[in-house]
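Novice: Please see the structure below; I have some questions.
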Amino acid sequence: MNELAGKHIVLGLSGGVACYKAADLCRLLIKEGATVQVVMTEAAGQFMTPVTMQALSGRRVYSSQWDAREPNNMPHINLSREADAILIAPCSADFIARLVQGRADELLSLLCLARPVDRVPLLLAPAMNREMWAHPATQRNLAQVAQDGAVVLGVGNGDQACGETGDGRMLEPSELLEELVAFFVPKVLANRRVLITAGPTFEAMDPVRGITNLSSGKMGFSIARAAREAGADVTLVAGPVHLPTPRGVRRVDVQSAQEMLAAVEQHAQSASVFIATAAVADWRPATSSSQKIKKDGSGQPPVLGFVENPDILATVARSPHALTGDLFCVGFAAESHDLLAHATAKRARKGVPLLVGNIGPATFGQDDNALLLVDAQGHRELPRASKRTLAHQLVAEIARRLPEQ
Ligand code: CTP
């Protein structure tokens, strides 16, 4: 996906070992469709050559405010006016201090100062030793730059180039990419808490076997990411799937339908939206053996009894929180045929305001899908697209159905 198509990013490098990650970040930004103009401080040039950054960005690198290549000799004005965002990665402790003071004696801090604050956002990816990060001066400066309108992206924790371990590592290039993409998404779910179920459930027969299904969890994980990008506080209750947790999303891992229900009930009270994408097993073995069920030599398979699992969506939709309209419930229906008729009937049966239908075999494990939205007013198709695109469209559809805050 070209998630940054049409965006022009000024990527600023200040001095720090994490400059090596900026090279990869530059490639990722371009791969997502952005154009990237690299600006480096003199200190950054000690860690990374402009040659590398020029080769990766396909543009001349700027590093001096006296760069006469610009016809008007004002690179600080031209570069900052063109940008859709300025991202400083790595952003050193010294550079943060310079921003606090509004210093203008070198190009990168000068162009940050010269940017139109209401139109060109400034995002900072700090990178420094843990003691420098924890120092009151740095924390004070960070609070000040945030107050002055910069977006401070936070830091990672772990091994540092100096051999110490702690907070202060620059976020990984893929994390910075996610943050930048999220930054541009309209915040239609700001101040909303969204609870999502995703993936299959696993109903144990014994310690090594059980019943499950082919749900990959991709749709639910995509919706969790899109909801968080739209500004929501997101809790994702996930069955057994091997998908990375979207950045900024709280994940609760469960196995069975009963565990999923318990986790959902714990979080539903404080949520304002519940989206049930999980392919919950309708049945579970009536008994689960604590030891592996062995063949007994008779050639006869064991007789398994089943009991019905709780319907998580219907249970939540019937709760007082939902019935009073404080919790907006969204169900999914995976059908094999007659999608509209089944989805309409399922919406009524589950008692939810919005039901999202899709054709099961056409979606399980796939990266794209097509959705049919059914509500009290009628139905609407979201044509085949990537699950990521559909997730954004669905989030927008949900947002416009929510009561005003
Ligand atoms: N769901 C749930 N708990 C269950 C079963 C389903 O929360 N025990 C939710 C799913 O997450 C989905 C919706 O209910 O949002 C529809 O699930 P589906 O399995 O397609 O429908 P069923 O109720 O099982 O109906 P049918 O067997 O007729 O398809």
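Cβ coordinates are placed from backbone N, Cα and C, and glycine is handled just like the others.
TrEMBL annotations: computationally assigned, not manually curated.
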Novice: According to TrEMBL, D282, K292, P310, D311, I312, L313, K346, K350 bind CTP; identify which of F332, F364 is listed for that same site.
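Specialist: Given D282, K292, P310, D311, I312, L313, K346, K350 bind CTP in TrEMBL, the matching entry from F332, F364 is F332.
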Novice: Specify the count of other C-beta atoms within 10 Å of the C-beta of D282 (CTP binding site).
Specialist: 14
Novice: Tell me which recorded positions (C162, I312, F332) have a Cβ under 6 A from ligand 1; sequence order is fine.
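Specialist: The ones that qualify, in sequence order, are I312, F332.
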Novice: Out of P310, F332, K350, which of these binding-site residues is nearest C162 (active site, proton donor) by C-alpha distance?
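Specialist: Answer for the nearest of the binding-site residues: F332.
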